[in-house]
Every structure is written in structure tokens, then in C-alpha cells.
Amino acid sequence: MELINPAPKLYERKTTRRKRVEQPVDGGEQREPIDALEVFEHIRDIVDPEHPYTLEQLNVVTEEQVEVDDVAGTVQVRFTPTVEHCSMATLIGLCIRVKLLRALPPRFKTDILLTPGSHASEAAVNKQLADKERVAAALENPNLLQMVDRCLRGAA
Amino acid sequence: MGSLEEVQCLEGHTDRVWQVAWAPSGDMLASCGGDRTVRIWRRQPTSSQQPAEQPQTPQQAEQQPAEQQHQRQQQQQQEDRWVCSAILEDTHSRTIRSVCWSPTGRFLATASFDRTTAIWQHQGGVWENVALLEGHESEVKEVAWNPNGCLIATCSRDKTVWLWEAQPGNEYEVVDVKHGHSQDVKCVRWHPQGEVLASASYDDSIKLWVDEDDEWVCAQTLAGPGVGHTSTVWELAFDAEGRRMVSCSDDGTLKIWACRKDAGRGQLRWQLLSTLTGYHGRTVFTVDWSKEGLIASGCADNAIRIFGEATADSAAAMDAEAVAAAADAAAAEPGLRGLFMQQQPQQQSCDSGGSSSEGGPFCLLCKREQAHPLDVNCVRWHPTDPGLLASAGDDCCVRLWRWHPPPA
């Protein structure tokens, strides 16, 4: 199969550090809030559908593109395909969505969106990724689920 | 403001519950979802649960401590309990997205992501799968029986609406396949008089289909700038008379449509009456219109909202509350989805677009936060018990609610 982007630019895996000050825990009962870094940790090692590189190495996802509001229970992830006609964009978005569905507490409302201007079919891809009925149906498709699981294997 | 009191949580499904449907008589409720089963819930009157307490002579009652009498009175005021009486399984291999009773209540239709629609017959206390409607190329999203029970409409991700005619001996014949939507069809709903079939789609439009010389034709498409929804239309519902329709969308709005007779050609045309903007924080998945005129909506922000028509007297008072509520809703979504911020809740929150013949403006009467701890996928009013509402959620639960109207 011909590759959509035969020679993608590669980026270093960054060393990340928690910016927030660790709060002293009162009685050990307090729940540590989920932050952008934690969400990023879940998705950085997802493997690209067509390259043996991670989404972080391809600069598809970055920590800066993750927004989390723990109190409101919202997560927003923006991702940037390597080329703007990337036919894998929906699959990449689906992988991110599935990973977060499995990793985050269910109370979180997750929005997975393309970085504005990063894709020729931005609105269509965003709409598809936001449609939970389509996502549910896709995950009942064994072939598609197999592809997603293959990409997620790196991000265990 | 009125309130919704939770009267029961029906547990048993092991995955997201997509839809619930009341039997026409109101004595049963069907639910379906991601666990590929249908559950039938049956009303169990409170009195039958407490048979020992029923027959009492006045003397016996006198001998009882006051506390016990009080308890008994409370039990009499309690709602009937609903219990799972049957589980329909092993027919669909994927999510069951939709469930619909035939008008007589003898049959149940189920639509599944496995591309099929199954017909179940209830006989002698047993549910039996008596027919399987095959033809859709991808997931069937909804099934709807027409009011006289002769026709079934189904819709699918394959962008089509199919019409099936009931034949003797549990046979169903395809009478029409309607192309027209450019994307998934999410919902099909019959007009209460059965002459019009409405469909709602991922293509942001609503289409109205009518029977013309044995062919169903698209009489009208409700879409476009300034009129239609700006994202997927998830569901719609008619009012009891069929003169109005409400639709809900991923764009976070409800739209009320009214049927008017075209002056020139005498045709019935549907027109946008009002848009309820600023109330919903995320996608509105479901909407239902009660016989008493209340609109219930279920949203991806976990809330159930009840809207009603304001009388002239109450409109002003309601408006103030509604505007405040709408402003809160908008403030709670800081830039999450720009769509909501562009619109002015104040302008439309308590809409006055309707003429008196089409009813008053619609106002928010109640917002029940965290009705389910996750998305609310379906809300349905009970057909005969005013104020009883069923909802289905991503939390695997069906919940029953009692509506308490605002004090007069």
C-alpha cells in the first residue's frame, strides 16, 4: 500500500515534568485531580496507523494540545495529522478516543478535535469523532477494533 | 420551577441503555442497549406487594401504633414498582439501538447495529422472535410502527429510510426505500395521524415523507441557514394533535416546528416556530412531547430538562428565570464549543415566536442535573399516567421520574 506520508518528520520523545505543586494529602482520602500531563501520558505512545512511530514522535499530539478541567469533568484533545489530506485522521482520532474511554473515569466528557487548519476535511472528521453512536458502532466492527488495538498496543 | 423526583432506578443492563419505549397500554416498558438485550419491565402495583396489610378491620387499625399507620399511608402514596419480567436476547449480534411497540402492544420491533430489525410476538407470557427484516446495508438506527400498525419504518447509517408492510403470517414486505438524506438517518417518527413520516439525520436536516399514489415522497426538507439545525438532528417528537413537532440536535438546541396550511395550494407546510437556545451544554440526544404539553429533553450533559408553554400571566416571571438559567448554562461552557457562545440566550430563551393559535412561548420549567451520572440517551413520557417519565442512560440504568409541576 502506498504511504500517505512516506517520509514524516520525527520529533524527540520529551521528558515531561509535573508543573503543578504537589498538594499535601490530608488523611490520604483526597483524590488527585487528573491533569493535562496525565491525559497526555495516556495517548503519547499510541502508534501511528501507518508508521512505526508514536503520535508524540510524529508531533500529532503534544501536551500543550491537551486541556483538562477536572472539576467540570471535561477533556479536550487536539491532534495534528502529519499531512492535511491524511486519510488516517479519523482512525487516529478514534484511537485517541478509545484510549481515553478505557483510561479515564467515565464521568469525563471528552472532545477529540483536529487542530484548526490542520486537515482538509476538518469539520467532517470532528463531527464523526464527536458522534458517540458512530464511535459505538465502529467499536463493534471487529476489523476496525483490531486496527485500533494494534495502534494502542504501544500505549499500554 | 417544577421538579422531577426519581421514583425508581431499573438496573440490569450491562452496557449503555440506548432507548426505552412504553407499551401503548402503559403496563410495560421495554429497554434496549449495548448489551444486545431487550428488557421488559412490568408494573407491579404497590398494593399487591403488601397483601398482608390490605384487609384490616377498623379495630385492628386502632390497635396499631400511630407510627405504623403513618408508614402504611406513605406506602399507599408510593409509586408502583417496576420489575424486569423478561429478557429478550440471542437474536441480535450487536447493539440494539431502538425498540418500538406495535399499536396493539402484541408485537415489539427491535433495530440493531447488526443491520437487522427483529419482530417479537408476546403470546402466553412468552416473547418469541417471529420475523427478521433484512436489507439495510449498515446499522439500523431506529424502528417506528405507524399508528394503525400496517407499516414499519426503519432508518440506517446507509442513509436510507425503508418502509415495510405487515402481511398475514408475520411476513413483512418492503414497500419503499427512500434515498434523500446525504448521511446517516438517526431517527424516524410517525405523525400521530399516520399520514406523515418524519426522519432526522446526521446531514443536519429533517425530512417529511408523505404517501402519494403508493409511493412515499419527500414533501419537505427542514434545513438550511437560519432555519434548520446546524449539526446532527438526533430525534424529534410530535405533540398530541400532530400540529407541532420538536427536534433536538448536536447543535445544543431544540426547535419547535408548526404545521400550517399553505395559502396558495392548500398544502400542509412545516415552519420553524422557535428555537430553544442556550439551555443545553452539549449534544441533545432525545426529546419527547407529553399529551399534557410538556417537552422533556435528555442531554450529553447528564441533565433532563422539562419545557412547557407559558401562559400570558406566567410568561414574564418565567422569562426572568429562564434567562438566568440560560446565562448560567452558557457561562458553564467557557469556550468549550464556540457554537453556544455565538448565540444570544436572552433573545430566544423564552421564545415569543408563536402566535396564540400555536401556543405560547416555551419556557424551562425544570432542569434536573445529573439525572444520570452519564449521558441521557432517551426520555419518554408514559402514555396514560401524566407526569411519569422514563429515561435511559450511559450508566446502564433506566430511571423513572415523577413530574411535580410548579406551584400555581
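Even glycines carry a Cβ here, placed using N, Cα and C.
Caution: TrEMBL annotation is automatic and unverified by curators.
Now, the feature entries from TrEMBL:
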COMPBIAS  B:49-76  compositional bias 'Low complexity'
REGION    B:44-76  region 'Disordered'
REPEAT    B:10-41  repeat 'WD'
REPEAT    B:89-121  repeat 'WD'
REPEAT    B:133-174  repeat 'WD'
REPEAT    B:178-209  repeat 'WD'
REPEAT    B:226-257  repeat 'WD'
REPEAT    B:369-401  repeat 'WD'
Mean of the pLDDT scores, which run from 0 to 100, over the repeat 'WD' (B:369-401): 98
Selected stretch (most C-beta pairs under 8 A with the repeat 'WD' (B:369-401)) from B:10-41, B:89-121, B:133-174, B:178-209, B:226-257: B:10-41
Helix, strand and coil totals (DSSP H, G, I; E, B; other) for the repeat 'WD' (B:10-41): 0 helix, 17 strand, 15 coil
Residue counts (helix, strand, coil, in that order) that DSSP gives for the repeat 'WD' (B:178-209): 0 helix, 17 strand, 15 coil
